[in-house]
Amino acid sequence: MAPAADREGYWGPTTSTLDWCEENYSVTWYIAEFWNTVSNLIMIIPPMFGAIQSVRDGLEKRYIASYLALTVVGMGSWCFHMTLKYEMQLLDELPMIYSCCIFVYCMFECFKIKNSVNYHLLFTLVLFSLIVTTVMYGMLVFTLVLRSIYIVTWVYPWLRGLGYTSLGIFLLGFFLWNIDNIFCDSLRDFRKKVPPIIGITTQFHAWWHILTGLGSYLHILFSLYTRTLYLRYRPKVKFLFGIWPVILFEPLRKH
């Protein structure tokens, strides 16, 4: 973690329980951790467009909620890393739990009739969210998501690539997150000796945001593709500008 000797900026003294490895206010006086902040754009902008497109396509509200939840996670993380305030830290951490519960609900409900509501699962996930909010959070959510991916890929084995690609990207981000934590002092010393453009590439917590944001987005696409396929739509994965994946589909024509 970052040492207490970091400079002070616009938002005043750090009150969060975590202060990451990026040097505070090194890029601008207005943002505590610049790269850890702007890297959250991947969790804000694409999901917002995904939610808008879901509304236009008349998709089930659960998928609109998934996109919006990921956007809220990105916004919370943005506020946390920009200010390093404790209240913003909670805005960063708690939405992660709630969004994962929405993802799990979507995955478990992939093979149900359209617009169905599983009140028992909803109650369980809400209860879990409340418990985690007051006690602890972490690997249990990850386990639930992993199990839901397994259930879907057991039914549609050829979707395994998309499901585990999202999981693999997430795990790579988690690995870099740990590198950033464990070798923080060495990384800071390295950044002082190399040109800034090279030092930026070692902001591994920012990479954590990018990779987990991408992994979460792909997970939503994976769930949405599975669901629309089950509902006898024709989902197709397209790449905007040849880079960014989106799902387009059309209802199956009635004869």
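Start at 1 and count along the chain as shown; that gives each residue its number.
Every residue gets a Cβ built from N, Cα and C, even glycine.
Residues or ranges marked as Ca(2+) binding site in TrEMBL: Asp19, Trp20, Glu22, Asn24, Glu33.
The Cβ of His81 (Zn(2+) binding site) has 30 neighbouring Cβ atoms from other residues within 10 Å, across all protein chains displayed. Residues or ranges marked as Zn(2+) binding site in TrEMBL: His81, His205, His209.
Outside the transmembrane segment (34-52), and at least 6 residues removed from its termini, the chain residues within Cβ reach (under 8 Å) are 20, 22, 26-28, 64, 67-68, 70-71, 73-75, 77-78, 81-82, 200, 203, 205-207, 209-210, 212-214, 216-217, 220, 244, 246. The annotation transmembrane segment is assigned in TrEMBL to 34-52 (among others).
Positions annotated as transmembrane segment by TrEMBL: 64-84 (among others).
Under the heading transmembrane segment, TrEMBL lists 96-113 (among others).
If you look up TrEMBL, you'll see 125-150 (among others) marked as transmembrane segment.
Among the features that TrEMBL reports, transmembrane segment is placed at 162-183 (among others).
Long-range contacts of the transmembrane segment (204-225) within the same chain: residues 20-22, 33, 35-36, 38-40, 42-43, 46-47, 50, 59, 63, 66-67, 70, 73-74, 77, 99, 103, 106-107, 110, 145, 149, 152, 159, 162-163, 165-170, 172-174, 176-177, 179-180, 187, 235, 237, 245-247, each at least 6 residues beyond the stretch ends and with a Cβ under 8 Å from a Cβ of the stretch. Here TrEMBL flags 204-225 (among others) as transmembrane segment.
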Per-residue Cβ crowding (10 Å cut-off), top of binding-site residues His205, His209: His209
Zn(2+) site, defined by His81, His205, His209: further same-chain residues with Cβ within 8 Å of the Cβ centre: Trp20, Glu22, Glu33, Trp35, Asn36, Thr37, Ser39, Asn40, Ser77, Gln203, Ala206, Trp208
Beyond the flanks of the transmembrane segment (64-84) by at least 6 residues, Cβ under 8 Å: 11, 14-16, 19-20, 24, 30-33, 36-37, 40-44, 47-48, 50-51, 54-55, 91-96, 98-99, 102-103, 106, 209, 213, 216-217, 220, 223
